[in-house]
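What TrEMBL says about this protein:
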REGION    1-38  region 'Disordered'
COMPBIAS  12-26  compositional bias 'Basic and acidic residues'
REGION    106-133  region 'Disordered'
BINDING   Asp220, His260, Asp268, Lys464, His469, Thr512, Asn551, Ala552, Arg593  substrate binding site
ACT_SITE  Glu353  active site, proton donor
ACT_SITE  Glu550  active site, proton acceptor
Amino acid sequence: MSLLLNGRKKKNTLESSRKPHLHEHLLNSSQHTSPKRGQIFVSRRWHGTPSRQRYMPRIHRTKPRTSSKNFQIWTNIARTASLLPIMITTSSPSSQPVRLQQRWTCRSRAASPAPLLPPPATGRRRRRRLVADSQKTAASLRVRAIAAESEQASPLPEPPPLLTEEEEEEEKMLANYVPVYVMLPLGVVTAENELEDAAGLRARLRRLRREAGVDGVMADVWWGIVEGAGPARYEWRAYRELFRVAQEEGLKVQAIMSFHACGGNVGDAVTIPLPRWVRDVGDDDPDVYYTSPGGARNHEYLTIGVDVRPLFHGRTAIQLYADFMKSFRENMGDFLDSGLIVDIEVGLGPAGELRYPSYPESQGWEFPGIGQFQCYDKYLEEDFRAAATEAGHPEWELPGDAAGEYNYTPEDTRFFAADGGTYLTEAGRFFLTWYSSKLLEHGDRVLDEANMAFLGCSLKLAAKVSGIHWWYRHPSHAAELAAGYYNVPGRDGYRPVARMLARHDGAVLNFTCAEMRDSEQPPEAMSSPERLVRQALSAAWREGVEAACENALSRHDRRGYNQMLLNARPNGVGPAGGGGAPPRRVAAVTYLRLSDELLTATNFRAFKAFVRKMHADQDCCPDPARYGRPMRPLERSGPEVAIERLLDATAPEPPYPFDGETDMSVGGGLAELIDWVFDKVEWIFC
């Protein structure tokens, strides 16, 4: 309500504790009392909105009232303007009148009658105000008329057509779709930077796409080939040709930034070393390589001890990797923009995996040897001594001979022995924490550079984690510890890796040995690939990270395919009746590897069935958004995560439950017998 003060100030009191609304400051026509000369009129006027509940008085010293007739005219106008909705009709293109939606003015509320405004100013000021108000009203009406006409001229888009029952069923099953990629041969681009047998490759890719329906291929992009001519001298010609062939055959590409050498590992069929100029630095300073307790150098990957040391013509190892990836983006921009390249798997160690080279065949390792720690270059030794001193134990040393040799069993050593092994002591736990943390820091640094290099590209980053399944059932998990995975009873060694990946816009955790069964392993190896895969995939899912998987060894049998199907969809396909997809499935499966053996009649028949089942019995779907993996521009990595925060993830939790067998089998022994019969018939008659 308005408050009239007769020459003295009086405290304003309200009937309720809330601030007054605008209409409560106005007088009803039946209660209006015109102010007398010399009175002060206090009103809220137009300051703010009722929702803000802000009382901002405005003081007017009133003038003598001119005429009761003028006041009555103003009263009638105000009453009409405040109560009536604004309505207008205009001509539409169809010559039909368009009636705008009723809009109450800012002076009214539909729920209650509108009171009157205070009398307007008189004289010249009044005339100016009336003219201005009329101009504003006319402009507002014109805008509304134009808006209504535009709405008539631009009708709403047609609703999408209704899906048939068969199409609805297909959409629901696509929620279970897992894309399949095939690794290309390691030497598809030769050490001389030439595409090997382009015509033959095209023919094989065409079979993969048209006959098997695979989604794409994975290719190693070798650092030693592209930058082999000298520092920062990149030659991408052969890889551009390779990607163009894949694009023309309708295949997507997963590109591996392969910062490791090829040769000396299981399945390495070709030899591709690190760049010559990098090896020249290694000749002068052998400690740029990982080193065993006995002093053997591993030339497959630069030690993480030189990550931030400018030893390579003024650049650090991290800068070498970053510059390579930036050059890749600059030279493959058209393929990136077209959506051909969907994943960048960043090489983080030997074989492209985030691990130490603890079990090199080139140095005599054989399965199921425990391997050896690889931290005896001078840079990592210096780092360990500094860490031990900071922890207050300068006397602590690296394990040395106590950890055994490559082909020892855990019980052959003092460090890994189940009963009283050094790994259980305070010094042992400190070493293993330091050893595994250095690996996490390395992965985090390189992925951060990858994120900056490919920022804004519509793709996902990925990192491969090795499936070291032997000695998994031994209390020490010796082979995993030697590779850098501090995974023992009471401590999860894979979830910190997943948490580190989550920082980089959810980089994918790609895990190996998805084809292996426990029953296929020799009992003396105390191996459990099934339990290991469940633990690693569960670690990724618990950290909100996508998981992918691949086979570690080349296989063409249906039992191996069925195991991969189980790990890809651990709880089967979602019900087609509307229940949707299961909550857990991998983002992709990569099959190792394209070869002449794969394309033989029997093997290719089984492989085609495998791809079909991985697609949930659907045809190849080129649009990832339809099966729940829409591609979006890569966003910047999150804030740096302290190593202590990563290690908080080591608290163990049981893995998610997996079914015993896949519900989309490609067949078993009977199917393989039929394959054998067909193979013999083809051999006889063809």
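Easy rule for this one: first residue shown is 1, then count along the chain.
Using the three backbone atoms N, Cα and C, a Cβ is placed for every residue, glycine included.
Between the binding-site residues His469, Arg593, the minimum number of other C-beta atoms within 10 Å of a residue's C-beta occurs at Arg593. Secondary structure at Glu550 (active site, proton acceptor), as computed by DSSP, is strand. Cα separation, Asp220 (substrate binding site) to the residue listed as 'active site, proton acceptor', rounded: 15 Å.
There are 23 other CB atoms within 10 A of the CB of Asn551 (substrate binding site), with all protein chains counted.
When the Cα positions of Asp220, His260, Asp268, Lys464, His469, Thr512, Asn551, Ala552, Arg593 are compared pair by pair, the longest gap among these substrate-binding residues is 24 Å. DSSP assigns Asp220 (substrate binding site) to a strand in the three-state reduction.
For the recorded site, Arg593 (substrate binding site), the DSSP three-state label reads coil.
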